[in-house]
Every structure is written in C-alpha cells, then in structure tokens.
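K.L.:
Can you keep this structure in mind? I'll have questions shortly.
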C-alpha cells in the first residue's frame, strides 16, 4: 500500500476507539512477565529465576510467530477451524479498519492474548522442565493449538463462532487451553516417553510440595495481573462505549468477591490470613469473568466470584492427596485447578447466565442470551461443546508436540536430576514447623504470608 492509501484508511478509523485500545494494549502487556513472576514466587527459591525465564521466551517467540503466521492462522478467512495465509508476515495488515481501529493495532492486542495464554501454559514445565525445548514448543503450540482455537471461537469464519458460542475474552482459548496444556506438559514430565526417559541423568519423579519461595513476587504479580486484567476485558470491546465500562466493573467485582471468599474460607479453617489464598482467589475470579464480562450484570458477577472460589478451591485439593503423589500429579501454579477447572465452569456458567440486554450495551451485539434470564436452552449445549473441544484439542495436541520435541537430541524436555528441587530440605522443614506449628506445607494451613 502507498502512503496515501494507508493514510486514507487511517482516516476511516475512530480516533477515540484507537487510543482506547492502544492504552489497553499497553496496560495488558505486563500480564505476560507478571505470570512468570507469579510462577517464580510459587517455585522453590532456587528455581525462582528459572521459573520466570519462560515468560520472557514467550514474549519474544510469540511476537515473532504472530508476525510470521499466527495472526493469519487466527484471523485469516480460511476454514471453520483455521485461517489461511492471507496475512502471513503481516502482509497488508496496516491501517485498514477492523471495526473502528487499525488492523495493526487489532493484531497487536490479540498478540497479547496469545502470549498471555502461552505464559500460563508453559507453567506446566516449572521446576522440572528445561528452558531450551520451550522455544520450539512455544512456536509450534502457538501455531497448531492456540491459533486454530482462537479462529474457531472468534473469527468470522470460525465454526464455533457461527454456532453462536458466547466467549467474550477467552474462557476456552485462554483458560481451558492454558490449563489443559499445562496439565499435558506436567503429565509428560512425570511419564516421559522418549529421550528424557532413556537418559540416565533424568529421573521422572513427583515434585514434593513446598512453601512458595518468594512472597513478594506473588504480591507484585497479583497487583499487576489484577490491574491489567481490567484493561484485558474492557479492551475486548475494541471500542470505547458503555459495554467496555461495564466489562471493567464486573471484572473487578468478580475478582474481589472471589478473592475475599477464598481468603475468608482459609481464615475460618486456619485462623490466619494467607497471601496464597488471596492470590488464588483473585485469579479464580478473573478466570470466571473472562468469558462472561460482556454478557452479565453486576449481581451475577458477584456470585460468579463466590462460586469460582468455592469450586476452584476444592479442585486445588486434588494435588494434596495421596493419589496425586502416587501418580506423580504435579499442578504447578495451580494451573489445572484454577484455569482449567475454572475455565470450564466459567464457560458453562456464561451459557446459563448471559443476558442479551447486557450484550447490547455496545449498541451493536445481538445474542439470544442464556438459559436462566432469556430461556435459551440451546446456549448451554453450545458452551459445553466449546469447552469439550477446547480441552481435547489443547491437551492432546500439546502432549503430542511436547513428546515430539523430546525425540530431538539436545532438546530433552525433562531437567537433569541435580537441577530439580524435590521439596523442602530438613532445615526448611524445621523452619516451617516452628513458624507455622505444622509439619508439612498445606495451602489452607500454611501460606506464604500468614497473619493473626
């Protein structure tokens, strides 16, 4: 395109909407390293920087992948499952309006979505996986797992979108996808099939539970993610209107209700306040509101937060069972319990409680609504189908990609034995005992910060 053509297309964009989405994009970007910071805080102090590094790799690899083929596969015309090569290398992606904003800005905002999902997903390799194999994994996973799923749900030609699925900001492409991917990676690290299994320097093992290594990292990550997720949901409207304001408000309320619910449950059980409980509660609330932010009102968002905290907290208990230890089940960063289980619950709940009048707050969106407020029984089935496809696609596809990378010499995915911290050493156990009057770490009895 010539400069005059680019400027002519730019004039067709709405300046207010463009500034709004530009600001939201800038505010959302810190989510990516903040996820790594959260994993760093959860990890053993010796593994803190190693757990943070994947989030930096995600930023670089996803940005390159999105430029080369990611945007085209996600938002090109193509089929109902995946886009085509129309926008490969961002060919023609400049100032032509997507809605009321330039295409290049729309692409950059959606890149933040992909990178955020990937940063959450690679947490499945924290403390047991190697960083080097994550580079090809991130590229292949983004291309073959995330982009087709995003295309199915959000593209004009996506088959789930055309079925009428309601997924405002990513219950399935963001949370179910990341949770299922992390679970697949974790299971493979517990039971590797190829080079990691054959190596005499790598022994698959269960990662013993330990107290978070850096409370301050958790605290900073919580502040950044909570703040940025407001822009994440508000910016999804892609224009400055009342619906974007409403999306921000319900997001904050849901996260607040969930955070307080989880923290209070932990307090009434242990008699102490826990940063872990507050952190996980807030994240579960943000997970719950993600697919529904553009479709539910404030009272519904409040109860979404409470329900998300109760369900995700129960799901979290799985990793503390003898069953989990026996089968080497590791849920680093509680990705399965919060993102996968919470994402499934949020996706189905959106079909139950969506309201067509709320969806119309932007003056353009028309939906049939959900079951309880608008009597749309069919919507629940559509949401169930989306959740099932999202989990199956993400889990199986991610497992296969991770396993294939493990076949390549030099790219063994499991870390060497000396690089894996199996749990608390004796000194830390004694410190934990004297500090908390408990013999073992438990998230509902021992948090990273506990106050009377």
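Cβ atoms here come from the backbone N, Cα and C positions, even for glycine.
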K.L.:
Quick check on the annotations: TrEMBL lists transmembrane segment for one of 387-408, 409-430, 431-452. Which range is it?
P.N.:
387-408
K.L.:
Please determine whether the transmembrane segment (20-40) and the transmembrane segment (134-153) are in contact (criterion: at least three Cβ-Cβ distances under 8 Å, sequence separation 6 or more).
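P.N.:
No, the transmembrane segment (20-40) does not contact the transmembrane segment (134-153).
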K.L.:
Checking distant contacts: for the transmembrane segment (275-294), what same-chain residues at least six beyond its ends satisfy Cβ-Cβ under 8 A?
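P.N.:
Result: 38, 166-172, 174-175, 212, 215, 218-219, 221-222, 225-226, 229, 232-233, 236-237, 243, 246-247, 250-251, 254-263, 265-267, 300-301, 304-305, 307-309, 312-313, 316, 334, 338-339, 342-343, 345-347, 349-350, 353-354, 358-359, 361-362, 365, 443-444, 447-450.
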K.L.:
Take the C-beta pairs under 8 A between the transmembrane segment (134-153) and each of 52-74, 173-194, 336-354, 387-408. Which stretch has the highest count?
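P.N.:
Between the stretches 52-74, 173-194, 336-354, 387-408, 52-74 has the largest tally.
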K.L.:
Under an 8 Å Cβ to Cβ limit, what residues of the same chain, 6 or more beyond the ends of the transmembrane segment (52-74), are close to it?
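P.N.:
For the transmembrane segment (52-74), the sequence-distant neighbours (Cβ-Cβ under 8 Å, at least 6 residues beyond its ends) are 32-33, 35-37, 39-40, 82-90, 93, 107, 110-111, 114-115, 118-119, 122-123, 125-126, 131, 134-135, 138-139, 142-143, 146-148, 150-151, 154-155.
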K.L.:
Between 173-194, 300-316, 336-354, who has the most Cβ pairs under 8 Å to the transmembrane segment (387-408)?
P.N.:
173-194
